[in-house]
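Annotated features in TrEMBL:
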TRANSMEM  A:36-57  transmembrane segment
TRANSMEM  A:77-98  transmembrane segment
TRANSMEM  A:128-149  transmembrane segment
TRANSMEM  A:169-192  transmembrane segment
TRANSMEM  A:199-220  transmembrane segment
TRANSMEM  A:307-325  transmembrane segment
Amino acid sequence: MTANTTAGTTTAAPVTKRTRVGWGDLVWLTWRQHRWVIIGLVAAVGVVVALALTVAWQVDATGDAQRLFGRWRFISVGSVVLLAPMATGLAIAVFWAAPVLAREYEQRTHLVVWSQDVTPTRWLTGKVVLLGVPAVALAVAVGLASSTMLDSINAASDRPPFPAFEMPAFEAVPLVQAGYAAFGFALGLALGALTRRTVLSMGLALGLFLAARVVVAGVLRPNFQAPLHEVQTYGAFQRSWDGPGDGSWTVNSGFVGPDGREVPFPSTCSTAQDSAAYTKCMEDSNVLFFQDYHPVERLVPFQLVESAIFIVLAAGLLALTFVTVRRARRA
Amino acid sequence: MSTAIESVVDSTAAAVRARALGKRYRAKWALRDCTFELPAGRVAALVGANGAGKTTLMSVLAGLLDADEGSAGAAGRVAFVSQEKPVYRNFSAADMLRLGARLNVVWDEARARRWLARFEIPLDRSCGKLSGGQQAQVAFALAIGSRPDVLMLDEPLANLDPLARREVTAELLGEVDETGMTVLLSTHVVAELSGVADYLLLLAHGRLLAGGDLDELLGRHVSYTGPRSDVPPALGQVVEARHTDRQSTFLVELPEGQPRPVVAGPWVERAPTLEDYVLAQLEATRKGVRA
C-alpha cells in the first residue's frame with residue numbers, strides 16, 4: 001500500500017504489486033486534492049463552535065444574557081453566531097461539493113484518475129464517503145454548539161429571545177443541520193456531474209439550495225401537520241401575550257365573528273384611546289381573536305420531518321450523481 | 001485501467017481486439033463496424049484524419065466509454081493518456097507519481113522517475129506551472145510507471161517540439177523492448193511514425209479502412225511513375241492515381257498470392273512509404289465520400 005519512495009534513479013527499486021487499491025489511497029488522494037477547502041471549512045466551524053461555547057459558558061456562569069464585558073448583549077453576539085447554522089449547508093453545497101466533479105471534468109483529470117486501477121464508481125464512492133461524512137459531521141458540530149448557546153441564553157431570559165420553534169433556533173439543532181449538510185453535499189455533487197462546469201455548478205448550487213430551504217421552511221413546514229385552531233376574546237389573548245409564552249408556533253392569526261367565520265378588523269375600534277377601551281370595543285363588536293398554531297410538543301417531530309425531507313432529497317441526488325457518472329460512459 | 005475484459009493471455013494472442021465495434025453520439029455514428037486484432041507486443045499506429053473516430057475508438061478500448069454495438073477488449077491492464085495530457089494542476093510531478101503509486105495495483109516508481117529525469121522535468125514544481133510539453137511528460141511518466149500491458153496514447157506527440165517528439169518515440173520503443181507491452185498510439189502526423197509503428201490501423205469516417213502488419217501492408221503495394229496514362233502498367237487495384245500533363249503516378253494494391261509483376265520501359269517502380277500509403281488511402285476515401 002505504501003508507495004515506493006526510493007529516491008534517485010536507481011533501477012534496483014522493486015515494482016510494487018498488490019491486489020487492490022485501498023481506502024487509505026483514496027484518503028490520500030482526497031486530502032491532497034481538497035485539503036485547502038477542508039482546512040478552510042474546519043477552521044470556520046472551529047471559530048463558530050468556540051464562540052458559541054464561550055457565550056454559553058459565560059451566560060451559564062453569570063446567569064445574565066444581557067451584558068458581555070459591559071458592552072454588548074450576549075443576545076446580539078448570539079444572533080451573529082446563529083448565521084452559522086443558516087450558512088453551513090450552503091457553504092458545503094457551493095464550496096465543498098460543487099467543484100468535486102465539475103473541476104475534474106473541466107480540467108479533464110477524470111480521464112487521468114479513471115484510467116488508473118480504480119473504477120469511476122469506486123472513486124466516486126470514496127469521494128462521497130470521505131467528503132460527505134465529514135461535511136455532515138461539521139454541520140452536526142455547528143448544530144450542537146449553537147443549540148447549546150441558544151439553550152443557555154433562553155434559560156437566562158424571562159422571555160426566550162430565540163423561541164425554539166422559530167427561525168433560527170428551529171434550524172440550529174444537530175438533526176436539522178445534518179439534513180441540510182447532506183442535502184447541500186449531494187446537491188453540489190450532482191450539479192457538478194450534470195453541468196461539468198465549476199463556476200456554473202457553484203452558482204446553481206447556491207440558488208437551488210436557497211430555493212429548497214425557502215420552499216420547505218416557508219411553504220411546507222407550517223403544514224407538516226394541520227395547525228391547531230384556537231379562538232379567544234381579545235382580552236384573553238392580550239393576557240397570554242404578556243406571559244412567558246408556551247413555546248408554541250403561531251402560523252396564522254386574525255379576527256373571527258361568533259360564528260367562527262373570519263371577519264375584517266372592526267375599523268371603529270382603531271380610535272380606541274387605551275387598551276381597556278380597545279378590548280371593550282372588540283368585545284362590543286362581537287369580534288374574537290383566533291390563532292392557528294403548533295404546540296411545543298410538535299417541535300421535535302417537525303425537526304425530524306424537516307431533516308427527513310432533506311435527507312430523502314440528498315439520497316435522490318446522490319443516486320442521480322452515480323447514474324450520471326455511469327451514463328457518461330455512454331455519451 | 002480496470003477494463004480487463006479478457007484475461008491476460010500469452011504473447012502470441014491478441015492484446016487488443018474489437019469485433020463489429022460501433023459507437024454513436026445520438027444519431028451520428030462515430031465508429032462503425034470496427035473489427036481488428038492487435039497482436040501483443042506490437043506498436044500500433046491508429047491513423048486517421050481529424051474526426052475520423054480515433055479518440056472514440058481509444059476511449060472505448062480504454063474502458064472509458066461503453067460501445068453501442070459489438071465488443072472490445074484488452075488483455076490485461078490498460079493505461080490511457082488522453083489527447084489533452086491532463087494532470088492535476090496543483091499537484092507536483094512527484095505528487096502525480098504518488099497518485100500513480102496509490103491508485104494502481106502495479107507501480108514501477110523507478111521507471112516513472114527515470115522518464116521524468118530523462119526529460120528533465122522538475123519533481124517539486126506544481127504541474128500548472130509546467131509547460132504543455134512538460135505536462136505531457138508527467139502524464140507519460142504516470143502511464144509508464146503503472147506498467148500496463150497495453151499502453152494507449154491519444155495524439156502523444158501533439159504538443160511536443162520536434163526534438164522531444166523524436167526522443168519520446170525512442171524512449172517509448174525502449175520501454176516496449178524492456179517490458180514487452182503493447183502500444184497503441186493515434187496520430188494524424190503520419191511522417192513521424194516511420195520506424196516507430198510496426199502495425200497500422202487506418203480509420204476514416206468511423207470505419208476501419210485498413211489494418212495489419214505494416215511491412216505486409218506496404219509490401220502488397222507498389223508505386224509506379226511513368227508517362228501520362230489512364231491505367232497503371234500492372235494489374236491490381238488502383239488506390240490512387242495522380243496525373244500531370246506528362247506524368248502519371250499510381251499506387252496499386254497487387255493481387256494477393258501472385259508473384260510481383262515486372263514492369264519495364266518508361267515506368268519506374270518504387271516501394272511506397274507509410275506516408276504515401278496512408279495519404280493515398282485517406283485521399284481515396286475523401287473522394288469516395290464526395291462522389
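One-based numbering along the chain as shown.
Backbone N, Cα and C atoms are what each Cβ position is placed from, and that goes for glycine too.
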Considering only the recorded stretches A:36-57, A:77-98, A:128-149, A:169-192, A:199-220, state which has the highest number of Cβ pairs under 8 Å to the transmembrane segment (A:307-325). A:169-192
Contacting positions for the transmembrane segment (A:199-220) when only residues 6+ beyond its ends and CB under 8 Å are counted: 89-90, 93-95, 97-99, 102, 167, 171, 180, 183-184, 187-188, 191-192, 306, 309-310, 313
Counting Cβ pairs closer than 8 Å to the transmembrane segment (A:169-192), the top stretch among A:36-57, A:77-98, A:128-149 is A:77-98
Long-range CB partners for the transmembrane segment (A:128-149) (under 8 A, at least six residues beyond its ends), listed in sequence order, are 26-27, 30, 34, 38, 41-42, 45, 48-49, 52-53, 55-56, 59, 78, 81-82, 84-85, 88-89, 92, 96-97, 100, 169, 172-178, 180-182, 184-186, 189, 318
